[in-house]
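Just below is one structure, and these are the notes that go with it.
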Amino acid sequence: MTPALPLARQPFFKGHGAENDFLLLPDPGHRLRLDAHLVRRLCDRRTGIGADGLLRAVRTTADPEAAAWAGEAEWFMDYRNPDGTTAAMCGNGIRVFARYLVDSGLRPPGALVIATRAGVRQVHVADRSASLQGPVSVQMGRPRLPGSGPVDVTVGRRRWPALHVDMGNPHAVVLVEDLTHAGDLRTAPTVTPASAYPHGVTVDFAVRHSARHLKVRVHERGVGETRACGTGACAAVAALRHAAGEHGTGYGRYTVDLPGGRLHVRVTADGSMELTGPAAIVAQGTLHLAPTALRRPPRARVLART
Ligand SMILES: N[C@@H](CCC[C@H](N)C(=O)O)C(=O)O
């Protein structure tokens with residue numbers, strides 16, 4: 001009888017931050033081989049668990065991609081979009097990632113450092129005794145406004161000038177009068193010139209509710225419209241400040257309402273942003289993956305002898 005390779009049993013967690021939902025795969029020893037096809041299947045809401053993004057939790061010492069940060073951070077957030085592409089940063093994803101580390105007992109609550117493709121980020125997880133869904137904050141750094149020439153966003157017959165904001169990932173932010181003007185966002189808004197974003201872009205539609213309060217909808221690169229986006233909330237605040245002539249530095253606390261909930265953005269005196277909001281782990285289970293999903297397939301077993 002031919003020995004059969006057993007399916008690989010892989011634990012998973014499901015979590016969300018303001019309804020921006022993630023599939024988290026613990027992979028401390030860098031054992032998983034995640035190709036784009038597998039990521040697409042797992043993030044699909046019919047063929048997999050379903051998620052706006054996948055977070056692989058791997059030790060920086062185990063994954064050559066994260067080795068540069070091993071001296072500063074124990075854990076690397078390997079973020080994947082549901083279309084299989086990678087992104088350097090995810091504001092809600094890193095907050096859910098931190099919540100997982102604390103809830104699993106891998107780190108105590110309080111301050112922790114997590115590596116991302118955009119560099120290391122300081123995160124603060126409120127003590128879980130306060131609330132299982134207590135707030136999680138992340139230092140997002142200073143937004144960059146590279147100003148790479150005029151960019152427009154078009155939806156139907158409406159066209160707006162957009163501001164390019166780099167939060168570790170690219171955003172085109174448009175300040176609109178009414179969020180319904182963004183349409184149903186079932187397809188991506190048209191961004192011109194397309195050459196401005198050779199690797200795609202997230203489009204954020206923001207309405208100024210008051211000087212420090214925004215309402216935002218986001219069409220995420222590699223995803224579609226999501227219920228919330230952390231980097232998008234920060235990019236929208238950067239655009240609001242830019243429109244108000246508050247360039248670069250200057251303290252301020254902003255409230256950002258998204259379809260899935262409320263996020264807070266605090267801008268410190270040097271212009272850095274701190275993003276705060278809810279983050280919760282809501283489920284856990286076991287995936288049954290093909291042996292090819294592992295770098296070292298499990299040892300073959302003889303299932304039956306004749
Ligand atoms: N949901 C995220 C952003 C995830 C990455 C994005 N789709 C991209 O491709 O840049 C957030 O909360 O920031």
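Cβ atoms are placed via backbone N, Cα and C, with glycine included.
Neighbour density for Asn20 (substrate binding site): within 10 A of its CB lie 32 other CB atoms from the protein chains shown. Residues or ranges marked as substrate binding site in TrEMBL: Asn20, Asn81, Gly91, Asn92, Asn169, Glu220, Arg221, Gly230, Thr231.
Look at TrEMBL and you will find Cys90 tagged as active site. Shown in sequence order, Gly53, Leu55, Met77, Tyr79, Thr116, Asn169, Gly230, Thr231 are the residues of the chain, 6+ apart in sequence, with a C-beta less than 8 angstroms from the C-beta of Cys90 (active site). DSSP assigns Cys90 (active site) to coil in the three-state reduction, placing it in neither a helix nor a strand.
Annotation source TrEMBL lists active site, proton donor at Cys90.
Positions annotated as active site, proton acceptor by TrEMBL: Cys229. Cβ-based neighbour count (10 Å, all protein chains) for Cys229 (active site, proton acceptor) stands at 34.
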Arg221 (substrate binding site) CB neighbourhood, other CB atoms within 10 A: 21
Chain-internal residues, separated by at least six, CB under 8 A from Gly91 (substrate binding site): Val138, Met140, Met167, Cys229, Gly230, Thr231, Gly232, Ala233, Cys234, Leu275
Site of maximum Cβ density within 10 Å, from binding-site residues Asn169, Thr231: Thr231
Secondary structure at Thr231 (substrate binding site), reduced by DSSP to three states: helix
